[in-house]
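Peer 1: One structure coming up, written as C-alpha cells, with questions to follow.
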Amino acid sequence: MALPLPPGLTHAEVAFLAEMELVTVIPRQRLDSIDLLGGKTPPLRPPHRADLPLWLALLLKKQRRANILPPAWLHPASLADIIHAETKINPQAFSDPPPPPSRADPSRPGLARRQQGAGGNINNNNDDDDDGVYSGGLILSAPFRPSCTADAPAGYLPYHWLEVAEQLLAHAGDDVAAALGGGGTAASASSASSATILGEVRGLLRDLVEVRAAKLRSSTAALGSFGGGIMSLRGVGAMELAETRGFVLGVVDGVRKLGASVETARREAEEEGMDEGGDGESDEEMGF
C-alpha cells in the first residue's frame, strides 16, 4: 500500500525545477544549437557569453567545455546588503524579487521600457513590439525570468535563489571564486583565496537562510486571528515555501480547529440561554 504524499513539492522536486533557470556560461569549445522542449539553445562560440539552462550548464562544466559566470546577487557584498536590509531597514518584510528586464527605447533617448514577454527561443534576441511584448506573445512570470544570469541585478533574490546558489557552489565553486575574486578565470584564483571566498559566501547564505526562516515563523502570528489572517509571501523563495509549508499548514489547521471549538461553545451557550429564557416566560404565563 502506497503511503500518501505530503502536500506541496518536496525538496528534490524544487531543486529539479530550479535547474530550468538560465545561467550565463563562457564556452571553451564550439557547440551547435540544441533543440530542447523550451526552444533552441544559442550556438556556443568562444569566448562569447551565452545563457543556458542550469542543468545544461552544469553538464558542460563537468565536461570542461564551459565555465559558469555567477549572478551578481551571489557576490558577498550583495548578500551582505540583503541581510542588512532584511534585519535593519525592513525587518518585517522580505527583499523584493528582481525587477523585470528592460531595454533602451531608441525613440526616447535616456528612457527604457520593460520586456514583458519572450519568443520561442531560450536566448531570445527578437525585437519587442510597441506594447513591450515580444513577438512570441508569451508573458513570463517572476520565477521564469532570467534572474540568475550574469546580467541579473545585485541586491535582489530570485525565486530559486537558494537552489541555484547551492548548485553553483557545489559543482562550479572554482568558477564562482574566480569571478567573485576578480580573477576572471578559474585557473587564476589560488586555492587559498578560493576557499576564503567560498567560505564567506556560504556563511552569508547560511545567515540569510536563518534570518528569513525566523521571519517566516514569526509572520505566522498573523494567521492566529479567528477572522482569517493574511500572511504576505512576496519575495519568499521556492525552497523556503517547501520547507515551511508543513509548519504553516499546521498553524492554519490548529487555528481552524480552535476557532471551530470556540464557535461551538458559543452556540451551546446561546442555546442554553434561550432555553432558560423560554422556561421563565412559560412559568410567568402559567401564574407560577
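From the backbone N, Cα and C atoms, a Cβ is placed for every residue, glycine too.
In case it's useful when we look at the structure, here is the feature table from TrEMBL:
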- 10-69: domain 'DNA replication complex GINS protein PSF2 N-terminal' (DOMAIN)
- 90-130: region 'Disordered' (REGION)
- 156-257: domain 'GINS subunit' (DOMAIN)
- 263-288: region 'Disordered' (REGION)
- 270-288: compositional bias 'Acidic residues' (COMPBIAS)
Peer 1: Any idea what the model's mean pLDDT is for the domain 'DNA replication complex GINS protein PSF2 N-terminal' (10-69)?
Peer 2: 92
Peer 1: May I have the DSSP-based helix, strand and coil counts for the residues of the domain 'DNA replication complex GINS protein PSF2 N-terminal' (10-69)?
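Peer 2: Counting residues per DSSP class in the domain 'DNA replication complex GINS protein PSF2 N-terminal' (10-69), I get 17 helix, 20 strand, 23 coil.
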